[in-house]
Each structure stands twice: as structure tokens, then as C-alpha cells.
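The domain 'Glycoside hydrolase family 31 TIM barrel' annotation in TrEMBL covers 412-540, 583-688. The domain 'Glycosyl hydrolase family 31 C-terminal' annotation in TrEMBL covers 699-781. Marked as transmembrane segment by TrEMBL: 108-130.
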Amino acid sequence: MLDQCSVQCNCAMEELVPEVEQKYATFSHFGQGGNLFRTKRRSSIAPLPALRLNDKEMMSNDFDTHSVLSNQASLTSVNSLASLLKEKMQNVPAIIRKKKRETKDYKLRVFVGMLFLIIVFLVGYAYVMYNQKLLAKSYFESIKFHKKTRNFRLLDGKGAELLTGVLGTSLNIEQPYNCLPKDLKDDGSVCYEWNSKARLYMNVAKSPGSPDIKCYSFHWESLLADLYPTDCFDVSEERGFWYGGGLTKGIEYILGKAAIPAGPFVTGDINMHQWGNALKRYFLNSRGVAIQVDEKTPLYVSVNTDSGRRLCLQGRNDKFAFVNRQTQFSELKYTVCSGPDMKTLHNGLMQKSLWDGLTERDNDVIKSLLREPVWQIPASKQEDLTETAIYNYTESIIALGYLRLGHVLVNEFWQRTIGDFRLDTDRFPTLDKRVNILHRRGFRVSFMIQPFISTESSNFREAVAKKLLIYERESERSIPALTRYKSTTSAGVLDVTNNASIPWLAEQLKKISETVEIDSYFVDFGTAFNIPRYYQCSQTLGNPDEYKNYFMERFEGTLSIFGVSSAVSVPRPPAFLSLPPVNSSWSGLQSIIPTMLSYGIIGFPFLMPGPVGGDFVLPTQQLKKMYSYYSFDLPPLPDKELYIRWLQLATFLPVLRFTHLPSEYGDDTVTAIAKELADVRQRVLPLLERFSSIAMDEGLPIIRPLWMLDSTDVNCFSIDDEFSIGDGMIVAPVLQRGETVREVYLPQGVWKDGIDESLRKGSRWIHNYHVPQNKVAYFIKMPDNTRF
């Protein structure tokens, strides 16, 4: 009965639900229209706030009406309660979602604000750069120059920066003006003037034969006495590696690594001056850019002395190096060239064809210097150099038996006093007979001469009377200007610009040849600082280094010169440029390769290193100040290991030069190593001769940096303890005390190991390469089609 009743009740309820839903709809309809069924009590209830149900907002009135209808209908079923509870529960996540959306809206506003600021910044930056670009006018397709800031950029064909810098750094920031018509040049130069202070001319310059090389000239004219035009260029490593100029005091192969204070660009003694015994106004960058400064510019050079890493060129007249002004005010004139790569550019700018005027005898001297050693008679003092000393030394050379006989070099002590130009008969009573014997045995005899005449020489009075010497400035040639030269504390200097001095010196040397048959001469010029400070010549010199050029030109064809101590231009072959004197130490040994590479890059292909073991030894007590005129003692017998490593390096250099002989050690190990190296030298000679001919044709050095083999390999740019002979052999000697291993880098190609004759691939480092004391690392270039 109960079950039947339950079923009936349920059925009744199912019939009632649709009816109730219909009444709901009816009440809702009328409620929305005019609130017909609202009671007085219900109308006083405050409206509920708006609610959001299932992301659909319901207004408070709608919700309130729904509540009224629910109350009036008196529906208290379980379904109604559950429905109401469900609605309330849905309100909770809706409120939480609302808070999250408010947080998201806040972040969005911050992001939009930051984006707006970034856009404003970019627009402003673009505006500034656009104006800068408009002001940085383009010249000659490759140069960008901002007239107001004087920022300079050299671009390649693709618009990439090759060289950057600031021109005219000594000027205040002022707006320049176009030059007046009367100041313009008729060569098409662009000209600007800075308010009667300086003028700048820019133009396309004549390029070498290669169409890939482009050059541009820059010429500053100062209009004030105390204004020195200065241009500075970025030499940081991001801008590539810089080479050239010459040997610096710190033996820097790469410019930009050390600070070089501003000073005159003239030769000096690196023991006390900033630059060495040979210079060229030529600077080369690994990106394929070169700077060549005009010879008439009174050039000062500095590196890294101002803010940033910069190479600065300055035109500056002074009271010594550039006292003889070529113009009223200082000028700076140079050329900037660019090429597809460093090697192509460098090859195009080098001096070509050194064969002009070369005789068969000159060519024979070149070959003899490559094939035969130079034997420098050891003599630190005048009393050490005697006829007997020469005889004993040459006898020891012959006794070696495994080295060729060559050039016997006698230093300036063959005279009683510097400048006598006559044999000291007390020490050389029968030198003529001795020299004849040396010639018969196969030696060549060379004397060292110099343009200095000691005040104690018998020739000094005659030279003063005939006005053959450089004289004091403003003295009307009546007072000779004095200087110091090696051990001579007071000496005059022969004025080679005086036409009368050349025949006089030639006559003096001719008298020697009539007595003793001299094969050739080595000329010791000293450096620019050996010229008297207040010098004046018959013809005005632009700077003291021009003296060397005058000497070589005036005596061309008169004297057979096989070596010079200093140079600023390539000496006429067969003259080799000697490296500066080197201290007998491991640091001295380590300086040889950077010096050879530096001098080769600036255009001196024929180089003569000093003797094996070093040129001098410093005093036990370090000097407070170094003087270039000091004549240091020759080194005693060097440490055996140092001598062996030095000899290993010298075996591969163009000229093999000795003072101390291997036999002096009385050691079988040293003798065995020296004999083996003599055999290696014979295998090296064909390469030296081959690339000496190429040097005569193209001006390229015999001893080359590795980047000349591959100028695209960045690993080759900074290596200064290896070198190549032409492009046929790489040499990597040991330069550290006690070392038997070293790192070796081989450029691209296939290389044959000189120690074990194995083949090695290039473009890679060989780590911990074993080099015992009796070996030297060298690698021979194999044909490109060589296969393992």
C-alpha cells in the first residue's frame, strides 16, 4: 500500500512541476511590466547588488524579482533549495576570477606604459641618428666625415667600418666653413676651414697598380704657431691588429698593446728612446687598411696616451728633430689606403724592383752574405783589436771545418782615433800581408766606418778648416756642432750635404785601399740622436734621419757597402740593415723575431741580425740611465743553453753572424749540434736565395709573419715567436730557458715536420710539441695536392 501511494505521489508531483514553471513565467512577465503583485513589505527591501552568474551579469532588480516570485510561490521543495545553493556557490569563483582579471589588467597597463616609453626612446634615437647621418656627409663613396664633431669613418664596399677616428683633436668644437676660393686647390680637393685656425684638404690619392686598392689623402694646414694638427684612430683589438712604424722601446710587434708617449718619429736607441734604429712612416691594419705619412711632415706619434686605445699622428715643429721648418706652421699630411685584405694591400704598397742600378758584383755580395757567415772580430776596446787577434780568430774559424769562410768584419777600432780613416800602424804593422793571406784562403775583409770625427783626430782640424762638418745653428759655419758617438765623448759629424765633403771622404778611404785591399764597408750612422742637437747642414734637412739618405745617395757607386746600422728608407742593395744591438740574455734572444717581423713589414727585406749570443752585456750594477753613446763590453762566453738556442734561431735567418765560436765551449755536445745545424743551413739556403730574388722584385721580406701566408686566419695575427721563410718554411724555435716543449701553430696547407718528417695538417695548433735541446722545430710547406 505504501509503495503504491509513493508512486502515485511522485506522479502527482511530476504533473505539478510544469504547472509551477508556467506560473513562474507568468509572474515574471507581469513583474517586469508593472510590478502588479509586489506587496508593500517587499517594496521596502533595498535592491541587491549586481551579481555575475556564469559570466553573465544579472542586475539587482532582476535578482530581486526572482526572489519575490519565489517567496510568493511558496516553493520549498528540495530542488529549489539545491538550485539556490548552487547559485550561491557559483558566485565565489566568479569573484575570485574578477580579482585575477583586475591583476591582469594592471600588468597589461604597466606593459603598455613601458612599451610606450621604449617606442618614444627609439623614435628619439632614430631622429638623432638620422640627423647625425645627414651631418656625416659622404665623401668619395667610402669616407664618412662629420664636420662638427670631426668623427671619421672609412667604409668598405659593403658599408662596414674599416677605420674610425677623430680628426683635428687639437681643435675646439667649432662649426667649419667652406674654404675661400683663394685657398682652394685645383686638384678637386674638398676643403674646410676652422675659423682661421686650420684647414683640412681631403681628396682621392693615386693608388698603386692594383684596382682593388683605393687611397685617400688628408692634409692639415695649421694657421697658428701653437696649433699642432692631430688625428687619432681607434687601435683597439675590436678594430683589428696594427703593425708598422718600427721597433718600439717595449719590443711590441703589435701596436696598441702598450702606451707610447707622444714624441718625434725619428730613430733612436731603444735602451733610452721610444723608437729603434729603423723606421718607416707606414702603419698597417689586419682589416686591410694602411696609413702612410708624408716624409716632409714633422711627425709625432703616440699610442694609448689619451682616453681610449688610439694611434695619434701629429704635425709638430720642435727645437731638435723638426727644427728646420718646411712650412711656416706645422702641417700633417698622410694617405689612407684600403684593400680587399691585408696581404693584398700590403703587397700593393711595397716598394717594387730593387734591381735598378744593381751590378753583377752587388748581386754576388748578396749571395755571399746568404751563403757565408759574417765573422765579427771580438774587440770591446781598442787594445783588443790587433793584427794578431785577427789572425788567431780566422785560424779558429778554419779549424771548425764545418762552416763556410765568409766576411771578416773589423769594427771602428782599426783606426787610432775615430775619424782618422788611417790604419793604426802600431797595432797593424803588416795588415796588408795578412789580408792577402785571408783572401787566398777565401775570406772577404770588411771595415766598419762612420761619419763621425773625434776632436782628438788629426782630421778634425782639417775638416773644420775646410768647413766639412755640420756646424752650430746660426754660427755662419764657423763653429762645428759636436756630439757623442759610442766611446768617443766629443766628435764632429761630416756634412754629407756639402759637395766638398764627399770627395774628401772618398779620398781618405782610397788611401786605405791602396794599402789594404778592403772588399766592402759597414756604415755605422748611429741614430738621429747622435746628430748634434743644434745642427745645421749646408743643405737643410727635414729631420736628422734624412742624413742617412743623403749619405747613401752620395756614395752610391763610390763605396761597396754591405751593411748599415740604421735606416729610414730601403738601403740600396747589397746593403743589409743590421738589427739593433741586443743584450746577451734570454730576453735579448726573445726580441729577435719581433724585430725581424716588424722591420720586414715596414719594407726592409734584407736584414742582418747581430752575432750569436748577443752584442753586449750590461754592467753588473744596473745603470740609472742608459746612454746610446756608451760602448758596452762584448759578452763573455754565453750560457751554453742560451748559445745553442740562439744558434738554432740564427741558422734560419738571412745572415749568420758570429763573435763567439762554437769551439770556445770545448764541449762535444755543442760541436755536434753546431755541425747538425750547419747541414740544416745548407737545406735552408735555396729558400733564402729564392725569396731574396722575390724581395728584389716585389719588396716583400724574406722573413715573414705567418699572416702573410694566410691573412684571413686570425690565429696568425698575433704570433711573434714563429716566422716563415717566404711561404716555404715555418720556424718555431725554443726561446725560453729550460724549455723542451712549446706551442706551434701551422697555417692552412700540408706541412712536413723537419724533426720526424711526418706530415701535418695546417690551420691548427700543435700543443706540447716536444723540442729537445739538440733540435729546432721547423716545417716545410708541401704541395697543395699532398695527401696523407
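Counting starts with 1 at the first residue shown.
Backbone N, Cα and C define each Cβ position, glycine as well.
Note that TrEMBL annotation is computational and uncurated.
Mean pLDDT for the domain 'Glycoside hydrolase family 31 TIM barrel' (583-688) in this predicted model: 90. Helix, strand and coil counts from DSSP across the domain 'Glycoside hydrolase family 31 TIM barrel' (583-688) read 51 helix, 6 strand, 49 coil. For the domain 'Glycoside hydrolase family 31 TIM barrel' (412-540), DSSP puts the residue distribution at 40 helix, 31 strand, 58 coil.
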